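These come from TrEMBL:
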DOMAIN    41-290  domain 'G-protein coupled receptors family 1 profile'
TRANSMEM  25-48  transmembrane segment
TRANSMEM  60-81  transmembrane segment
TRANSMEM  101-120  transmembrane segment
TRANSMEM  141-164  transmembrane segment
TRANSMEM  200-226  transmembrane segment
TRANSMEM  238-260  transmembrane segment
TRANSMEM  275-292  transmembrane segment
Amino acid sequence: MVSDNRTLVIEFIILGFPNVREVELLLFVTFLLMYALTFTENVAIILVIGMDYRLHTPRYFFIINLSFLDIGYTTVTVPKMLANIAIQSQTISITGCFTQLYIFFFLGSTECFLLTSMAYDRYLAICNPLHYTTIMDRRACLWLALGCWLCGFLAPALPTAFIFRLPFCGSNIINHFFCDSPPLLELSCQDVFEIEVINFVVGTTVLMSSFILTMISHIFIVATILHIPTVEVRSKAFSTCASHLTIVTIFYGTAMFMYIRTKTIRTFDFNKTVSVFYAVVTPVLNPIIYSLRNNDIKQGMRKVLLKQ
């Protein structure tokens, strides 16, 4: 396939983390353990919540959605990365690359909106407890979750469609551990300024809107907690709130650094390190922060295990 005397790319090579073999083996074991832990934690949470009727509440309904997202989020990228390290399976077709790109950002955008819905749920439970059950009923939960998944599905459609139409010629090496938009744009033999602007607008809209709403909810939550007279209860509430804010900071901070910018930063080795935090680390921490430290989940696990 030739255009303007330049060979068009028909497949990509994902560079991953090229290094000496000893370091590659360490990375393989580390990422394999993190993926296995993410998968096990989230499957356990889904099963426990599904089997314990006491946990069939709005809070745990959203946590189940988050668990499905974290499983999908890591499955899209980590197995291919492990194959890259273990058997040097670095090639990926153009269709496979753009499928991975779209699904990754679909699930990532959905998680942004879901974190906002979870913050809103906690805001109602803490700041407006008398009306919580009437506002956050089963129907409201379903509509909120459906809205998160639908908005997440639509958000990356336009940027991905524009990137998919780009011609790629010359180098086909993606300097990343998955098909991400910044390194893909670097490989195009066409001016990508307009697409970078589209990526910036969509990324800013998704990340900033959900982040601002999440932070507003937490501001009201903190303000309410400060008025709790009991020191022990107030301390426990602050601890939970701080844990949630830690996850929000890691996820949004690294994602904003990567995608809210009008010009691609060329230090891709640093970008890969940053991407690990929201693509691999955050899904490992989410179950621990949101569920496994929770007494209701612990009791549910004991109940399920005792039945075996």
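Placement of Cβ uses the backbone N, Cα and C atoms for every residue, glycine included.
Take the transmembrane segment (60-81) and the stretches 25-48, 238-260, 275-292: counting Cβ pairs under 8 Å, 25-48 has the most.
Mean pLDDT, taken over the domain 'G-protein coupled receptors family 1 profile' (41-290), works out to 88 on the 0 to 100 scale. Sequence-remote contacts of a segment are chain residues at least 6 beyond its ends whose Cβ falls under 8 Å from one of its Cβ atoms, and for the transmembrane segment (25-48) they are 17, 19, 55, 63-64, 67-68, 70-71, 74-75, 78-79, 81-82, 85-86, 280-281, 283-284, 287-288, 291-292, 297, 300-301, 304. Where the transmembrane segment (200-226) meets the stretches 141-164, 238-260, 275-292, the count of C-beta pairs under 8 angstroms peaks at 238-260. Under 8 Å from some Cβ of the transmembrane segment (141-164) lie the Cβ atoms of residues 58, 61-62, 65, 98, 101-102, 105-114, 116-117, 120, 181, 184-185, 194-195, 198-199, 202, 205-206, all in the same chain and six or more residues away from its ends.
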